[in-house]
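Sequence annotations record features per position, and here TrEMBL assigns domain 'Myosin motor' to 1-522. Among the features that TrEMBL reports, ATP binding site is placed at Gly2, Glu3, Ser4, Gly5, Ala6, Gly7, Lys8, Thr9. Summarising the annotation, TrEMBL assigns region 'Actin-binding' to 456-478.
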Amino acid sequence: SGESGAGKTESTKLLLQHIMNLCKGNSQLEQQILQVNPLLEAFGNAQTVMNDNSSRFGKYIQLRFQKNTVQSAKLSEYLLEKSRVVQQDTGERNFHIFYYMFAGLSSEQKEIYGLLDPSLYRYISGQFGTQEVAEHWKHKYQEVCNALDMVGFQEQEQVDMQAILAGVLSLGNVTFEPEESKGSVKVSEASQGWLKAASVSHKKCASASAQSPPCGAVQGGCVEPAWCSPCADARDSIAKVAYGRVFGWIVCKINELLAENVDPEVELREIGILDIFGFENFAVNRFEQLCINLANEQLQHFFNHHIFQLEQAAYKEEGLPWETITFNNNEPVLNLLLAKPFGLLSLLDEQSAFPQATDKTFVDKLNSSFKGNLHFQPARGRVLGFSIIHYAGKVQYAARGFLEKNRDTLPANVRGLFISSITPLLIPLHTHPEPRPTLARVKCGHEARVFHRHSLMVLMERMYSANPHFVRCIKPNSHKEPGVLDNQVVLLQLRYNGLLETIRIRRDGFSWRPSFEEFAER
């Protein structure tokens, strides 16, 4: 754990290499485990203002052993930040893979996928890089291609995947205009070419029914809603779902590759490594930052429980003379966020269920519900937002978009487009009579929220049942500079992580616990 940019992902890679080395890892499986990282980073990481290679998802890697040899591995992913596909703040980039494709594809390949100059695409903010950066991306693209081959993607699957990514970029350039004769909205004439480029099956898109319900779907014909905003939302929904499907599919493929090939009767030992997005506090913090910071609050509580509560309870039980060490207990913050039925997330779900509710009614509800709560502050003036006093400090959240992102719904007619797609990767799992493990399922609305919360709950249960070792990553400075140690930045992290109290409990406590056999032998 640690702040965004503190080195969690790099530490995870080093730890994996170390474990494989201890296993004398020369087997194909052990090499494959080390080589899936370039793939995950290309599709799941992005440049942010805090970190040039920031994980925009959480991953839990389970390694299963028999006689000191890895027999299988499994990857679980949590909360991919799909909104990054359609929007990035100043100084940030989209997921790495889009830039790698522009740098690595040949002119002929770009023509096949309908890719033009990168400066034209809204979803990557028209940004590219210097020649030196482009060369680095070209090398990274080759790494991704090698990893795709190694993971076992067929050539046609790789083509489909890149066609979807190129289609997502083209889709972002589709705009809308009113069709006055019918009082509806249509795809603008200027962006018909982008629509054509975006269509995995243009024939299907263009012939799709124009009698859409008012929730808005992007199609070659008209779109029914009153004005362009619902159409733009539907366009962005398609892009986010398509990208999420590609990412989920890659994770499924990796798990097929690394699946156990052992006798089910044999009991295996397990080491799990959790590499989750770090605590974030940007100039503008949205729904995604709240989810990320909540996960970090839960991990901090787990750390406190294990290091302080269990440890001191053991000393008390043994009747040892011990002066209780106090620590910064973040349970009140977790209650503020997670309590039922009046925690922040419960109130968000309640508001999301009302069609008439807005981000403003949600904020009003928070202000009245948490009046006087020491860990909640209403925004000043007319700002639509609120602040939470987290274990790592105060974060101000902009509430615009909270309800829409929490609902995470896909209009029914947009789902219809996915269901009727001729590209297997885009078809939702539950439309097939037989389960197809290589496809990630589309989760809509309430089901998606329950799934994410449930998966994080299962993860925490798994943590509590294990014997944990904590790797606390400390960020040396706030400027992404090597070899620079900023004392104040470091001290702040040592304080809010509870590491000064941890040092005290390790120094004053009983950190070496030999067994009776070891003691007698000594």
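Every residue gets a Cβ built from N, Cα and C, even glycine.
Within the same chain, residues at least six positions away from Glu3 (ATP binding site) with a Cβ under 8 Å of its Cβ are Met50, Gly278, Phe279, Glu280, Ala392, Cys473, Lys475, Gln493. Proximity of Gly2 (ATP binding site) to non-local residues of its own chain (separation of 6 or more, Cβ distance below 8 Å) is seen for Lys8, Gly278, Phe279, Arg472, Cys473, Ile474, Lys475, Gln493, Asn497, given in sequence order. Sequence-distant neighbours of Thr9 (ATP binding site) (same chain, 6+ apart, CB under 8 A from its CB) are Glu41, Asn45, Asn53, Ser55, Asp275. Residues within less than 8 Å, Cβ to Cβ, of Ser4 (ATP binding site) and separated from it by at least 6 positions along the same chain comprise Thr48, Met50, Asn51, Ser54, Phe277, Gly278, Phe279, Glu280. Just so you know, of the binding-site residues Gly5, Gly7, the Cβ with the fewest other Cβ atoms around it within 10 Å is the one at Gly7. Broken down by DSSP into helix, strand and coil, the region 'Actin-binding' (456-478) contains 10 helix, 0 strand, 13 coil. Long-range Cβ contacts of Ala6 (ATP binding site) within its own chain (separation 6+, distance under 8 Å): Gly278, Cys473, Ile474, Lys475, Gln493.
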